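Undergrad: I'd like to ask some things about the structure below.
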């Protein structure tokens with residue numbers, strides 16, 4: 001290995017090499033790059049048998065092998081250090097036997113972390129108070145999932161320059177491959193990758209991913225800077241809203257959704273958040289092949305229906321389309337299920353008849369009162 005390093009140094013200094021030298025040089029450089037990278041998750045502590053990097057049985061590396069930790073030798077301050085070291089959020093659960101028993105040895109020291117250390121092995125330790133760790137006491141730890149990756153400057157949480165929260169600050173992530181972008185989109189729940197391009201001249205922490213990781217912290221870090229990466233994910237547009245209104249009071253809330261009386265006009269409105277200008281709304285109706293399209297004005301569009309009838313009963317969906325970052329994007333709303341019911345005209349008539357009767361009764365009462373009063377005054381005069 002040392003001879004290979006000397007060989008690379010000589011070539012770099014003198015700048016002369018044959019085609020065969022290039023083959024050797026490529027092999028050595030690749031090996032050096034591999035050796036100069038490490039995982040975001042440290043090699044001194046890990047969580048196993050959990051759902052991901054941030055949950056599982058606590059194991060510490062000891063003499064090139066992994067040892068589980070006894071619950072009696074590990075407390076919440078120790079857990080805070082482990083969660084921080086793994087790049088996870090705060091401890092959420094700490095319990096012996098939570099993720100099974102380890103098959104190997106048990107760590108023979110008691111951790112005495114103060115909770116502020118960066119690495120578990122930086123904590124003080126002391127001899128264990130108990131000689132053995134009883135079955136079922138291998139400590140399990142669940143850390144909260146961190147919000148440690150974001151995309152900035154793209155107008156949406158699913159587009160922009162990649163930043164990683166590390167050691168108390170947001171740092172630019174430098175990368176030059178599609179795999180890193182795929183992991184970022186997956187971690188943010190933004191669908192698949194649409195575009196991955198060098199973002200700006202700012203150089204950031206180099207990252208290398210295989211592409212199948214669930215989070216960026218599971219990737220390996222390179223010890224040299226790379227240009228920042230701008231990522232655009234497929235779920236760029238937020239889900240639009242859909243709602244029904246009417247000016248005549250003909251809509252009511254039913255068990256399956258809104259109910260509209262026959263003969264009343266109504267409006268279905270589609271709207272979205274003001275992330276990007278322009279775009280259009282497509283209103284689809286599952287009861288038939290009818291569709292309507294309107295441009296998005298102030299990020300919304302209103303579809304007017306002049307008179308409700310049975311043909312309007314069915315399911316409606318708003319689809320928001322927009323051309324952003326040289327790509328077409330679309331997003332669908334939730335389903336709006338509309339039911340058409342009988343017109344409330346009889347009830348309407350009854351209400352008016354009742355009002356008329358009350359009014360007539362009031363008039364008659366007032367008339368009789370006036371007649372009685374007039375008659376009384378006439379008798380007093382006589």
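Here, residue 1 is simply the first one shown, and the rest follow in order.
Here the Cβ of each residue, glycine as well, is placed from N, Cα and C on the backbone.
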Undergrad: Can you dig out which of the ranges 325-347, 348-370 TrEMBL describes as transmembrane segment?
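TA: That would be 348-370, the stretch labelled transmembrane segment in TrEMBL.
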Undergrad: For the disulfide-bonded residues listed here, 113, 123, 209, 219, which shows the highest count of neighbouring CB atoms within 10 A?
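TA: Answer by Cβ density within 10 Å: 219.
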